[in-house]
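Per Swiss-Prot, the feature GTP binding site maps to ARG25, ARG76, THR107, LYS168, ARG282, THR283, ARG284; the stated evidence is sequence analysis. Marked as [4Fe-4S] cluster 1 binding site by Swiss-Prot on the basis of sequence analysis: CYS32, CYS36, CYS39. Taken from Swiss-Prot, the feature S-adenosyl-L-methionine binding site covers TYR38, GLY80, SER131, MET202. Positions annotated as [4Fe-4S] cluster 2 binding site by Swiss-Prot: CYS277, CYS280, CYS294. The domain 'Radical SAM core' annotation in Swiss-Prot covers 16-242.
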Amino acid sequence: MPAARPAGAGVGLVDRYGRRATDMRLSLTDKCNLRCTYCMPAEGLEWLSKQAVMSASEIVRIVGIGVGRLGVRELRLTGGEPLVRHDLVDIIAELRRNHPELPISMTTNGVGLAKKVAPLKAAGLTRINVSLDSLHEETFTKLTRRPFLDQVLAGVDAAWAAGLGPVKLNAVLMRGINDAEAPSLLAWAVERGYELRFIEQMPLDADHGWTRRNMITAAEIRDLLSTDFVLTPDPRARDGAPAERFEVRRRVAGSGAGLGPVLGTVGIIASVTEPFCSDCRRTRITAEGRIMSCLFSREEFDLLVLLRSGASDDDLARRWQDAMWLKPKAHGMDHVGLDAPDFVQPDRSMSAIGG
């Protein structure tokens, strides 16, 4: 068992390896209106009760502690699907009133987004990420088990038009399903000014069917894109970001340099094969108020029970600091590589953690 956080560990959310968490990922709900194959079962998942999930006032208080006392500088709202929460706009508005300069972004599947973009922007949302794995209706429906592609595309366009940019798109490639679509998806994104990020499938599916063999790796993604594009490393500093970014140029046939102008950027998030644990600066709070220092942690620390028992902000801050001090060196274990023989997949799926 790792040693407890020493008294002289300093302020903020620091772990025993010297990393400082400044990026807060907060899940608003475990509920979702899609059933993506790499995240959720087709049927039968039991949602948390309303009482088990943090209320709006509890969310606002926890964020206030993170920002005001513990050095949180960025907030991302996640789910589940945050748009299914009826008080989402009110939550964002209150967070914005309390923290006028805080970047507040949100990850969404985009279903119903077009109708909610204007109030979200007015409330103070800064930026948005939308999950989009395919532009083909049949493939999209196969992956998400719901026929909502048109709604998602409308939401992406509405977010861009409302100024919630840069709009980022997240795509998970599945072998034999949508991997061949990678070049056309990138072409579509850069043409419209969106930043596409390809994400290696992680072992966070509810069915526990993930295998390293079936995953499309970052190296394979680069190879798929190289048929149509030339990728060169983005000169901007990565600064702890999960995505390795590349400038995108169209591959030009014939003599000469063989490069066209820069069309945009693409990101590749290689959590499995090229992990970035040593630079991680994230702290995660689940919808029921539990601290997870890593997506793959099997250990959780309950803030909500403490909060509801009358704990002070100082008490909650100390509990949060103690939890983050125990953050493992890599991937929820003290080794690098999710395909290591002793890796144990967390019980929670991505929807129950918050992406």
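Placement of Cβ uses the backbone N, Cα and C atoms for every residue, glycine included.
Secondary structure at GLY80 (S-adenosyl-L-methionine binding site), as computed by DSSP, is coil. Between CYS36 ([4Fe-4S] cluster 1 binding site) and SER131 (S-adenosyl-L-methionine binding site), the C-alpha separation comes to 10 Å. Looking only at Cα atoms, ARG282 (GTP binding site) sits nearest to CYS294 among the binding-site residues CYS32, TYR38, GLY80, SER131, CYS294. When secondary structure is read from DSSP and collapsed to three states, THR107 (GTP binding site) falls in the strand class.
On a Cα basis, GLY80 (S-adenosyl-L-methionine binding site) lies 17 Å away from THR283 (GTP binding site).
Across the structure, CYS280 ([4Fe-4S] cluster 2 binding site) and ARG25 (GTP binding site) are spaced 12 Å apart at their Cα atoms. Of all the binding-site residues given, namely CYS39, MET202, CYS277, the one with the smallest number of surrounding CB atoms inside 10 A is CYS277. Residue density at LYS168 (GTP binding site): 20 other Cβ atoms are found within 10 A of its Cβ, drawing on all protein chains shown.
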